[in-house]
Every structure is written in C-alpha cells, then in structure tokens.
Amino acid sequence: MKPIFLSAVMAGGLATWAVAATELDTNGDGMLTLDEVQTVYPEITAETFSAMDANADGALDETEIAAAQDAGMMPKG
C-alpha cells in the first residue's frame, strides 16, 4: 500500500472516531459507556458491549470502537 493512501485511510478512521465521540461521549471523557452507546444504538446489549470492551474497564476507547466497527458489532460513523 502506498504511504499516501495508507495515511488517507488512517485519517478517515480517526475522522469516524471523532464523529462517534462527539455524538456519543456526553460526559466528554474520551470514552464511551454502555449508557452513552445505548442512547444512539439501543440495540447494543450489555453482552455485546462487554464483548467490545476488550480490556473490561467498563468503557470503550478509540481502539475498541474501531475494532467493534470493523467486526460489525457497532455501526460506523
């Protein structure tokens, strides 16, 4: 993959995260809780959220959200 293309792809992923964070992160801590996610995506269950929460800290960070989106567990953007 050419470096310019890879940079564009990576920037697009960060833009998706920025949109998701702005819309969902109501307390502004940079992480998404189950309650924040369910405000927009009520179909995401506690069980699904737990599967997305790779480090089991009760919140989704940028990496966990990207992985969940790539796995089809959470809508993109």
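The backbone N, Cα and C atoms fix where each Cβ goes, and this holds for glycine too.
The domain 'EF-hand' feature in TrEMBL is assigned to 23-40 (among others). Using a Cβ-Cβ cut-off under 8 Å and counting only residues 6 or more beyond its ends in the same chain, the domain 'EF-hand' (23-40) has close neighbours at 46, 49, 58-62, 65, 74.
Annotated domain 'EF-hand' per TrEMBL: 47-65 (among others), in sequence order.
The signal peptide annotation in TrEMBL covers 1-20.
Model confidence over the domain 'EF-hand' (47-65) stands at 97, taken as the mean pLDDT rounded to a whole number.
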